[in-house]
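Quick look at what TrEMBL lists:
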DOMAIN    6-73  domain 'Release factor glutamine methyltransferase N-terminal'
DOMAIN    105-188  domain 'Methyltransferase small'
Amino acid sequence: MKLSDLLAYGQKNLIGVDNGENEAMMFIEDLFGFKKSDIFLMSEYNINDDDVAKYKKAIETRLKGVPYNYIVGFKEFYDRNFFVDERVLVPRQETELMIDFIEKYYAKNPRPKRILDLCTGSGVIAITLEKIFESDTYASDISLEALEVTKINAKNLNSNVHFIHSDLFDSIEGKFDLITINPPYVPRERKQFLSKEVRDFEPDTAIFTDDDGLYIIKRFLDEFINFVESRFLVIIEIDETHKDKIINYLKNRNLNYSFLKDFQSMDRFLVIEGSDRNDR
């Protein structure tokens, strides 16, 4: 089958999928290593039968609602390809904003010596930060299956992160200059309104939680102060509806905090800073 015909097949079959036309082309790029420009320049190129079958299988699987990145087996995050499968949440683009902020922050402040990433999932945050700062970095998750994926990514990307199986801080020792966490924060009652691929294929434990999505966040806020140095930075990814509830929860606590917005101008991150001068 010609490359142009294979692309036409994919675009026709994915017509009812959000971004389906683009995904049909992305499958050719990601499954066979073609560049987008090659697809048009080599439209007459003949694809062998095995690769045609592989492509059609990918389209068929996508039509069942399986996330694109589970099918191709990776997700790009901060210019690196991370292995992902059904054991972990597919990293979202807005989480890269957390890395952006951290880089800018430490361009003006002493670099972090010890970093902790909780609810690490595929390890994208921990591994990216370890690569940037070459610091003593720890990736922790309550899910052993998720940590298996983190270990795969650390090996693939030659990262020296350490792995800890822990329910938040239960098995954590020592203090850290930087703590990041992208916890489950979507209220369970909202599950029915999410897309099929999120609802049926991504791990519930990485997305949904109780107390209107604040259960893990509140636990973290109650405990983190015992695990940070006097000068510290903490960043938590939150739901866009959480800001006022978090402000109320932090009332009367001597914390210097602010919120960062995402690409849609939604409040997406809670940032807490500590300095040597803070009375803690």
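Residue numbering: from 1, along the chain as shown.
Glycine is treated like the rest: Cβ placed from N, Cα and C.
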Take the domain 'Methyltransferase small' (105-188) and count its residues per DSSP category (helix H/G/I, strand E/B, coil), listing them in that order. 26 helix, 23 strand, 35 coil
Kindly report the helix/strand/coil residue split of the domain 'Release factor glutamine methyltransferase N-terminal' (6-73) according to DSSP, in that order. 47 helix, 1 strand, 20 coil
